[in-house]
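*Asks:* This is the feature table in TrEMBL:
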type     : residues : note
REGION   : 1-67     : region 'Disordered'
TRANSMEM : 152-172  : transmembrane segment
TRANSMEM : 193-223  : transmembrane segment
TRANSMEM : 229-254  : transmembrane segment
TRANSMEM : 266-284  : transmembrane segment
TRANSMEM : 326-348  : transmembrane segment
TRANSMEM : 360-378  : transmembrane segment
TRANSMEM : 390-410  : transmembrane segment
TRANSMEM : 431-452  : transmembrane segment
Amino acid sequence: MAPPAARARYIANKADNQILSKKPPKRPGLNGNNKAKEAAPAGKKKDKDAKKRNQPTSGAQEKGLPNPIMPSVQTAFKTFVSARLCSAIWAYIADCDETFNYWEPLHYIINGHGLQTWEYSPQFGLRSYTYLLLQGVPGYFYQKLFNPSPILIFYMVRCMLGFGCAVMERYMYKSICQEFGIHIGRLWLIFQLFSVGMFVSSTALLPSSFSMYFGCAALAAWWQQNYCFAIFLTAISALLGWPFAALIGIPLVLEMLLRQRDWKTFVQWTLISGATVAIPMIAIDTSYFGKLTFAPLNIVWYNVFTSHGPNIFGTEPLSYYIINGFLNFNIIWLLALQLPIMLVMDYLIVPAKSKSTLNFPHYISLAPLYLWLLVFFAQPHKEERFLFPIYPLISLCGAITVDVYQRIFFRMKSVIFKIKAGVHYLDHSMFIAILVMVTSTLLGLSRVFALYRNYHAPMDLMLELNQFKATPQYDPDVIYNVCIGKDWHRYPGSFFFPAKNFRLRFLKSEFRGMLPAYYDEGQNATKVVQPYFNDLNQENEHMYFDYDRCDFLVDFDEGKYTALEPNYSKRSKDWSVMKSLPFLIPEKSHKVLRAFYVPFLTDNHIQYGDFNLLKRKTKRNGR
């Protein structure tokens, strides 16, 4: 026996979705004759109205289908805000590109000094100051009005990013419930809340995270057939965020041009959106770089049309994204990858052939995810942040796969056990959804706890410098040099320094790539072309600092030493340990148990080194 038709499911879900917009569903008379209802005696009418008030009002109930437990949009928004604020507080900075390409230039904009990378050099102009200003203006006014500790500005910006992500997720949740159904919407809600990928990406100061906010909001607008708004959000995502995020909008463009044949709206709103975003962006960046600059074009040119491209920064095999996807989404990632096959099986096995979505077939509405994977899986240079823009789609496709499994299970059970007509498939298959939700939630929490426990030490360690500022030894008129060697990529940023008179300095190590350098002093520092920057990732001696002039030193003791990377912590004549925190040594730890925390088991199979903050004992220059 077949489950209820997909169209019946859609009608029921559509009726339930009216709850999302706070609009009560229209209830026809019991016999469909409104005139007869109006002619009924007043007493009987009151009795009927009283009965109706005591009955469920959803369309699902009227059709004999189960009334799904559906968190309201406002409830979902509150949970998203809570989850993203947890990320703002506890997530560590996983990518040094976030620190040096975004937090450091933002620190320069707000506090007047910070590290500059070659991408911000005027002869290259790969990064946009407009993007930074969107995050930096609130922090700038916060600093000017209240003069807080820099770390408070850091967390204020992070909380702002988390709140913006929650707004996007609220919009997307409502759209998913309307387009794909309430059951899939609530699955997506749970997967998003406990997704490690969202925990990491939602508050990251990265264009790929910014593109996730606006790109997925554009998809939500598209699923609601709000084409103009979808085009505008896509333009923001691609121009202000990451130009490659325009890939998400390709299915939207094809749907408008080939299926809707609405060329007028597409051309009109493409021009309006492009001009609205690009013209101010070009004006702002040109004023910062001192010459005409369009950063999105520059970054596309460098990555696609130069002879070396981004491959000089490292390449990874296909397995990199497979493993990374599992770490960030566990079983949801595996479910999302198999969705195309499962949809074919669903079509062949489940006899209900009516569409189960509101406006678009799955092969159109979900195309952005698989188009993205097809393009980026093929690129030799792979990084975790490259998948950020499609993270919410991974949760969505995983939720749809679970729903397909439930329908196929019900179909097989109904054939074997001859289930009577009118029974909804969720009545017999909810254990599948619950099993997946519980498993993914436990794995997600385990992974988040492991990340915090294993890798949060650099951020906690830098906060110890705030204690030094409160001691009598601190002199506000002295520049304090905080040195770092092989662990330069774990530095969390200048916002973690207690005051403006602290500077990060690089010691020469085994690393042979291009390091950042401080912006010049003065008003036109962003316009200065420095001779030591290049786009070939070649080191320059200008970036290295004299060891003997270091006041503090950050050193990770993992048991491996070379002439350029000695064990600074053992030089007791030069240094005293201000703070020491454990930090994971991946090579000496079990691959699975270092990735996921398992109580009573993990501690026996992983090994930590000491991440040390050192303070110089001997005085320099009479100090």
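Positions of Cβ are set from backbone N, Cα and C atoms, glycine also.
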*Asks:* Answer with yes or no whether the transmembrane segment (229-254) touches the transmembrane segment (360-378) by the criterion of at least three Cβ pairs under 8 A, sequence separation 6 or more.
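*Replies:* They do touch: at least three Cβ pairs between the two stretches lie under 8 Å.
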*Asks:* Could you check whether the transmembrane segment (431-452) and the transmembrane segment (326-348) come into contact, where contact means at least 3 Cβ pairs under 8 Å with the two residues of each pair 6 or more apart in sequence?
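*Replies:* Yes, the transmembrane segment (431-452) contacts the transmembrane segment (326-348).
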*Asks:* Sort out for me which stretch, of 152-172, 266-284, 326-348, 390-410, has the most Cβ pairs below 8 angstroms to the transmembrane segment (229-254).
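*Replies:* Between the stretches 152-172, 266-284, 326-348, 390-410, 266-284 has the largest tally.
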*Asks:* Could you name the stretch, out of 266-284, 326-348, 390-410, with the greatest number of CB pairs under 8 A to the transmembrane segment (152-172)?
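*Replies:* The stretch with the most close Cβ contacts to the transmembrane segment (152-172) is 390-410.
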